[in-house]
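As given in Swiss-Prot:
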type: ACT_SITE; residues: GLU873; note: active site
type: ACT_SITE; residues: ASP938; note: active site, proton donor
type: BINDING; residues: HIS872, HIS876, GLU934; note: Zn(2+) binding site
type: DOMAIN; residues: 251-1040; note: domain 'Peptidase M13'
type: CARBOHYD; residues: ASN387; note: N-linked glycosylation site
type: CARBOHYD; residues: ASN593; note: N-linked glycosylation site
type: CARBOHYD; residues: ASN723; note: N-linked glycosylation site
type: CARBOHYD; residues: ASN819; note: N-linked glycosylation site
type: CARBOHYD; residues: ASN916; note: N-linked glycosylation site
type: CARBOHYD; residues: ASN969; note: N-linked glycosylation site
type: REGION; residues: 1-27; note: region 'Disordered'
type: TOPO_DOM; residues: 1-55; note: topological domain 'Cytoplasmic'
type: TRANSMEM; residues: 56-76; note: transmembrane segment
Amino acid sequence: MSRHSQLKLAMPSVHGAPATAPGSPMNAKARSVKLGLGVNQRTGRVQWCPGLTCCKMLLLLPVVMLPLTLVLILIMRLDGMLAALQLNEQRMRDLRNSHSEVPVYMEDYEALLPEGSTYNDLINEEFILPASKRTQLQILAAERARRCQPYRYGNGESMELEERNTLMKDSRTSFLPLGIPRECLGSGIELDIKPIDEEAYQRQKKRYQDIAPYWLEKIRIRERREAERHAEEASAEISEATAALQSFWNEEGTREGIRMTQAKTMKRYMDNKVDPCVDFYKYACGNWERLHPIPKDKAGFDTFEMLRESLDLVLRNLLEKNTPVHSAAELRKSPVRNTLFKLNEQGEGEGEADQAAELTAERLRRHIVSKRQLLNRVLVRYKRYTNGTKRKRLIETPRERTKEEEAAPPVVLPKDKTKDKSDNEEQLHVPTDFLKPHQDAQLKAKNLYRSCVNSAVLAKRGLEPLHTLIRELGGWPVLESQWSESNFNWQVLAATLRRYNNDILIVQWVGADIKNSEENIVQFDQTGLGLPTREYFLQPSNAKYLQAYQRYMAEVMHKMGASKADAQRVASELVAFETQLAGITAPAEQRLNVTKLYKRMTLDQLQAVVPEIKWRAYLQSLQDREVLGTEEVVIYAVEYMSKLVTLLDETDPRTVSNYMMWRFVRHRINNVDDRFDDIKQSFYHALFGREESPQRWKVCIAQVNTNMGMAVGSMFVSRYFDNNSKRDTLRMTHDLQQAFRDILKTTDWLDDTTKQLAEEKVNAMSLKIGYPDFILNPSELNSKYAGIEIYPEKYFENTLNVLLHTAKTEQAKLHERVNKTNWQTAPAIVNAYYSRNKNQIMFPAGILQPPFYHRHFPKSLNFGGIGVVIGHELTHGFDDKGRLFDRNGNIHKWWTDSSIRGFDERARCIIAQYSNYTVEEVGIVLNGESTQGENIADNGGLRQAFHAYQRWLKEHPSEVSDEILPGLNMTGPQLFFLNFGQVWCGAMRPEAIRNKLNTAIHSPGRFRVIGTLSNSVDFAREFNCPLGSPMNPQKKCSVW
């Protein structure tokens, strides 16, 4: 049957009856047909797949297959993206390996350019870059163009067509959007860098060769400022203890708050897991190093350094604060200016007279001075005019008063009873000093600081000031091939450098004669060296330091202009020469007994002993006067002088000149810009372990405080110092003196004669606490620095002026009577001193701060802090050197032989005790011999301070309950010892420890605590330490 006949049979009848019976074979066949036309038995209609079987299958297949298909597509898509990312990462890794400094993104491209230029500037060839930089940028541009090509529609030059279409298709149809790198987003910048025409580059190179140094300098300044900013941010994050110190200077906080803060600080430093009877230093300071890691710009960090940091911040604020040109004291001089003074006192206008105003005033003053002759001529003409009869009559004849003036009450000016008529007439004229702000000592100190921190001016001036000075001194052979030895005389150069306060080859000064402390006399000694001690040159174990020193020399010379080969050759020669020089100096252990070194003679006698040196000519060049052969001098190194002239005769004059100039230039590079900082840092890292150079402002604070300490101290004392602390310290000093007298009476190894003389010496001690009074008197303070000219923009010349003034002032003391009331120590210093030839104790204002002292502290802390310091300095008058000087500061034998033997026996015990201590960090044993003076003072000071504290407790029984701190379960005596121990908390780098042990006369802080407390029966009693424990040994050493 044909298809048509089958179709016909399947059609329904006209009457709507079924064509076939339900049970017929035809019906069974129709149901079995899967895909085709058929009659739906229920409706009687012709349709595809009657019975819905096929439709169900058609619907089911897509529903099941579509999700599976989407999942497969997604997996394939992710695999493709992962492969592309891995390929991209590998390419970037390869690029970074071959160009490690090449950045990735646009802002990183611009980091390669000079400050102020952009990526477009490079494309337009407006800025010239080194070839290496241009190569890097070309590589970057090519790599970026390759990565970004898929996202740039229509461009397929750099890719295979199939690969580009595939990626572009993925980017348009993917279910997850394709991540576009941010450097490929539309930034308006053409991604393809134009090839740099080498010819154009060479043409532009000449055009911009003058601009390049400018850009490099700007980049260097920007980098330095960024480094300083980061350093300041780190410095700003000071510890709670340092913050408390700032609060102290600002007189902030209540009594209870201050005590609570101190208790919290002390608890933080302590390690309560350590038994105080085993190791009290670890018990008191166990957490110090964790809380105060050593700053990168320091070789060590201890309590003293923390206090100096706090004080430096205070001094910085004072020196950077703008000051009106005219001081308040000057403004007070006349009635008119009294008003200005009141405004000045109230602070109105403060900060408006900035540095520019000061400079303007200075220039105006100089302009007026330069026009002095013209002004005088004008004044003469004025006088002639007023002397004329008619004109004089016209000037002197008063005009008639108006009615209003007649009716007005008379004006009565305030009468100054202390002034006479002539004084009032003088007020009509501007005082001379009013036009000379440069005479103000405080302003000079501020200008010295400003000239030091002005990096822009220093960079602009470069090395020219230093080169000019070198030429004036006769030149530096390493820099001058034409240098001639015929014009060289080492004695003339040594005297000239001494005028700049530099002692090279010969040390000379004018000071009190140790055998006649009332007389100033010229004195000579052996030279110092370029490294801390002679052992650095002579001991093979110190070879690495000597190599670092030689490298330091060579790099400075090369930076100054010498060729690298010449610099290295000359540095080698100088190290060899200085090693010989070190060999002729006497070691420290041979110089302990100063009486054996002391030789007093006339210049004629000295000339006979060492005839090669023209002693009179040397001194005449320093004194600016004729010096006679009968002039008496003191010399401590006769043998050295004889060996020196022999060494110099055997040495090439060129080497001698190179060495002397090196020793001078080495210090002068500190007075130019920062170009030598990296060289110095490398050297000091090798010597002390310091990791970074200190910030420039810190260096400048130290320079100004060293060279103009009284001017800085006047600002500090006026603003911050509390005279109550001065009175408290003076009272405590008297208590400590009495404690020493009490101990002296119980000392059984001194005979009565020596005891009596020792007590007289204690009674005669001069006490200098806080500051000298003259610094608060502007005229006296100004006169001290009257001979120094300071310019706000000439740091190099300022330093030379200070050095010249210092040396001249010292030399001028010759033949003058010693003024024992004078202060030689700047007030803003964290230290204390004892002067043997003045029998004087000095406690500068800078040390009167926590943890040494606070007026709200319990007495236990003050006695354990500043009290121990007072006792320490007092005991220096009776240590191995101090005992040689009598009450007047003269050295002679005033002890009996039996008393000397008793002292020596006890001193040997101290020497042996400290010689048994080993510094574990470096494996070096302490030198008990060289540190005995300080160790004796430590032990004596602690005993006296505790004795004075116990006496105070007995005299103030009602205040015993107040001798505690909140949160610390300790008695007053225990707090005394704890504060003493924590004064010496600190840490040092290994290199710095080695240097300290080789040079210092103090024991490390750890042993100043352990050694002292293990000798104290008072400590053992207060902490209940069993006899025989490490901190309470059977054998104890004690001198005082």
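Note: Cβ is positioned from N, Cα and C throughout, glycine not excepted.
The structure displayed is predicted, hence computed values, not measured ones.
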Rounded Cα-Cα span from ASN819 (N-linked glycosylation site) to GLU934 (Zn(2+) binding site), Å: 27
Listed glycosylation sites ASN593, ASN723, ASN819, ASN916, filtered to Cα within 10 Å of HIS876 (Zn(2+) binding site): none
C-beta crowding around ASN969 (N-linked glycosylation site), within 10 angstroms: 7
Other C-beta atoms that fall within 10 angstroms of the C-beta of the residue listed as 'active site': 24
Other residues, Cβ within 8 Å of HIS872, HIS876, GLU934 Cβ centroid (Zn(2+) site): TYR834, GLU873, THR875, ASP879, GLY933, ILE936, ALA937, ASP938, GLY940, GLY941
Neighbourhood of ASN916 (N-linked glycosylation site) by C-beta distance under 8 A, where only residues 6 or more apart in the same chain count: VAL925, GLY928
Using Cα positions only, nearest of the recorded positions to the residue listed as 'active site, proton donor' (ASN593, ASN723, GLU873, ASN969): GLU873
Euclidean distance between Cα atoms of ASN593 (N-linked glycosylation site) and ASN723 (N-linked glycosylation site), Å: 40
Cα-nearest neighbour of ASN969 (N-linked glycosylation site) within the listed recorded positions, ASN593, HIS872, GLU873: HIS872
ASN819 (N-linked glycosylation site) versus recorded positions ASN593, HIS872, GLU873 - nearest by Cα: GLU873
Pairwise CA distance, the residue listed as 'active site' versus ASN593 (N-linked glycosylation site), rounded so that it is a whole Å: 20
Least Cβ-crowded entry, counting other Cβ within 10 Å, from the recorded positions listed as GLU934, ASP938: GLU934
The topological domain 'Cytoplasmic' (1-55) [mean pLDDT, rounded to integer]: 49
Assigned conformation of ASN593 (N-linked glycosylation site) - DSSP reduced to three states: coil
Set of same-chain residues at least 6 away whose C-beta sits under 8 angstroms from HIS872 (Zn(2+) binding site): ALA832, ALA937, ASP938, GLY940, GLY941
